[in-house]
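**Student:** Shown below is the structure under consideration.
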Amino acid sequence: MSTATTVAPAGIPATPGPVNPPPPEVSNPSKPGRKTNQLQYMQNVVVKTLWKHQFAWPFYQPVDAIKLNLPDYHKIIKNPMDMGTIKKRLENNYYWSASECMQDFNTMFTNCYIYNKPTDDIVLMAQALEKIFLQKVAQMPQEEVELLPPAPKGKGRKPAAGAQSAGTQQVAAVSSVSPATPFQSVPPTVSQTPVIAATPVPTITANVTSVPVPPAAAPPPPATPIVPVVPPTPPVVKKKGVKRKADTTTPTTSAITASRSESPPPLSDPKQAKVVARRESGGRPIKPPKKDLEDGEVPQHAGKKGKLSEHLRYCDSILREMLSKKHAAYAWPFYKPVDAEALELHDYHDIIKHPMDLSTVKRKMDGREYPDAQGFAADVRLMFSNCYKYNPPDHEVVAMARKLQDVFEMRFAKMPDEPVEAPALPAPAAPMVSKGAESSRSSEESSSDSGSSDSEEERATRLAELQEQLKAVHEQLAALSQAPVNKPKKKKEKKEKEKKKKDKEKEKEKHKVKAEEEKKAKVAPPAKQAQQKKAPAKKANSTTTAGRQLKKGGKQASASYDSEEEEEGLPMSYDEKRQLSLDINRLPGEKLGRVVHIIQSREPSLRDSNPDEIEIDFETLKPTTLRELERYVKSCLQKKQRKPFSASGKKQAAKSKEELAQEKKKELEKRLQDVSGQLSSSKKPARKEKPGSAPSGGPSRLSSSSSSESGSSSSSGSSSDSSDSE
């Protein structure tokens, strides 16, 4: 009996209906395809890379359910897919756009995850392949452009089939994939991601040939799944309850968002639907859909670009950065609206009344629906707030949201404070202030809803720092706008000193010196105020941003953030890192707290470390962190160099007029004696004609540092001394 039972399954192919369905079509004359730059990239880069991978062999051909003795495979997997089919479709120009091809890849991986157990070797192999797939897709050209000639070329090339071996086919079946429907089940995926590194490959590869028949061989992955596969329907129901964990199963990227997924095609049975959600979250990182969205909207955006205000243009650049591949590892869950139905998050819309995502923000930005920067910031913060509200604080998607919000807040805080045009001056202040209010409101919501007190405290401190930065910017603006006035005068005075030797110009020089001293007397009060304002600015936690904004404002505000963006991404050389280390050691103790804050806010791995005992390894820090530190340290050291001047100025201002006059008299008397001695030897007649003019060289030399009151004393002193020397 037992033997008969064994034989029965082997004969299954011939008996009931478990015959392999026809493989997916690879060409369709009625459905015209085309060749685009993105499809060419998929064929020449993505498929070629994956095909050569050591884990690719199970996916070379459609799953042969009869050979592998998987009677229920086609009951569970409604849309089989494999890499060999995708390759042939690309060669035959079957696809109209790259998104269709990517959908087939997603289907293939999804089928594997649906049919097999999360711990099976084949699942780990699929995850490793999917990771590479997503990395390659992220580098695909952003705009899809049709290429004219290559259409006929594809049909002649079908050597791909020859490359596959019988053993390969068998295993392929096990991992074969179903149509593009992502799923939410498979919570264990999270733990799987690390496992990807494990290489069951050699074992499987070695036994490939034996895989089909004996379940005991290394290929048990396929065989094992078979058993669980039959009873999976009940487990599926159980998994449904774990609605939020669906996101936690992102095979390739360590990102999970219960709430972010593209709506998948309708599903026929609950099991498939469930897996779909999971797969979707795994597929979310794929950038192409995002690019498609951008491509479709670019023309409209480009046409209206000029109408965006200075601030909204900056906001648009922030949005573009958040959508860039630089942040894709943790931003992908927020690319599209949450598909609660596909992810089986039945209570999502009961809890979240105002869903928000980056594609919606982009659509509103392109449609000019934001009146100002604060409207844009409110939507972005609403998106993060929703995430904190719905997911538990220790959920991975919350950690991803925090990372992305750090990027957003840091860039938003650097918004140019004031546009170049004078009329627009008041505008920047308003958005910045309202931004603070907005962030405080969103932080309050998220704290009450999600209960993640740590993130709220961080946000509150960041808010306080941003407000202090704002004050510092305004104060330094006022201070620095006055400071440059003195520079041209010093240059003039130097020139005058060189000309003092000429008798004819002496009289003119004397008048100029007096005129300048009078001007200085007028400029002195604002200069004092500027110095006083500098003091509170130093107390502010962060002056780095302020200093940078002021410098850039002097050039072109409109282009400032572009150059800054490029600069931030530049990696540091060894010499630059060494110099930065030396500069940090030169900072006073009170400035080091800000250095630690910059590092902790930008480096998640150091966020929980003790600020008093933090160790900085410059090799492990990101280029953006190093550049931010460099800017901050430079601004601190520049201020340090300026301090002696302002300090001496304050001391002089504090002295009484009488003391100043007396000191100047003494200095002038000494210098005038020397000067008069030198002049008497070379230019006696001139001194006789104008006794008061000769000594003017002395006072003029000091005029740059003396206050206006010393002008009169110097002139009177010079006349009396010159008469004595005669």
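Cβ coordinates are placed from backbone N, Cα and C, and glycine is handled just like the others.
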**Student:** If I look at Swiss-Prot, which residue among Ser178, Ser263 would I find recorded as phosphoserine?
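**Tutor:** Among Ser178, Ser263, the one Swiss-Prot marks as phosphoserine is Ser263.
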**Student:** Candidates are Ser281, Ser648, Ser682; I want to know which one Swiss-Prot annotates as phosphoserine.
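**Tutor:** Out of Ser281, Ser648, Ser682, Swiss-Prot attaches the phosphoserine annotation to Ser281.
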**Student:** Going by DSSP assignments with H, G and I as helix and E and B as strand, what are the residue counts for the domain 'Bromo 2' (306-415)?
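**Tutor:** Across the domain 'Bromo 2' (306-415), DSSP assigns the residues as follows: 75 helix, 0 strand, 35 coil.
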